[in-house]
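Summarising the annotation, TrEMBL assigns domain 'Exoribonuclease phosphorolytic' to 36-166, 169-233.
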Amino acid sequence: MIYNDFLQSIIFTLQMSRLELIGPQGLRTDGRRFNELRNMNCKPSVLSQADGSAYIEQGNTKCLAAVYGPREARTKAQVLHNRANINVEISLAPFSMEERKKRSKSDKRILEIASAVKQTFEPIIMTELYARSQIDIYLQILQFDGGTVQICINAATLAIIDAGIPMKDYVCACSAGCIDDEPVLDLNHLEESNTPELTVALLPKNDKITLLQMESRLHIDKFQQVMEMAAKGCKEIHTVLDKAVRENIKDLLKKSSI
């Protein structure tokens, strides 16, 4: 009897999870279809004191990025004789999550994301042009609803371009997962908490992948489909980022001509 009750509770939990993630009309909790990105808004040049900056919203996840440099390294230990050192620091605002909690910069999860961002940009930024210097990338999550790695990479891309630091290409990142054997694009927090998640960072010109990060196990039969879905999202995000950069340049040219 106890076993049957336990089994029924598991089935009920799974059914509730299914209802939460996919509605009766095949729509997700936020009204999107399987292959739709969250609404995305972005704006470069939002901080006057930084060399480059950007603000991005992807759904309810919001991120502010600031770039300083290339400039003199803080310590001799950080000096690289043949290229610039890239330093990435990430912070979460105490009000960014439902649980108002201040996270330390030494938080393990924050350090993991910072490391992923740094490794993504090291081969793309032309650091060899700025030997013995340092490029600082500061990222702050103002509101959290999933997709932290991807929004940090996308915000950093805009801020680096705004700072005038040369890169080989845009770096665009997007996540994807699998719900009921169907690949889904750009997971929110509820989805990434209940499904396998794959984050891809892509160079859109040559389709080169610079980051491939798995947050949980994904069946090998679904891996290719999920990766292709994430790559498709990266190209859509590139269109949005490129439009924002071009519009910002036009605005700056108008202001300089006045």
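Cβ coordinates are placed from backbone N, Cα and C, and glycine is handled just like the others.
Counting residues of the domain 'Exoribonuclease phosphorolytic' (169-233) by DSSP class, helix then strand then coil, yields 20 helix, 26 strand, 19 coil.
Within the model, the domain 'Exoribonuclease phosphorolytic' (36-166) carries an average pLDDT of 92. Secondary structure of the domain 'Exoribonuclease phosphorolytic' (36-166) per DSSP (helix as H, G, I; strand as E, B; remaining residues coil): 36 helix, 44 strand, 51 coil.
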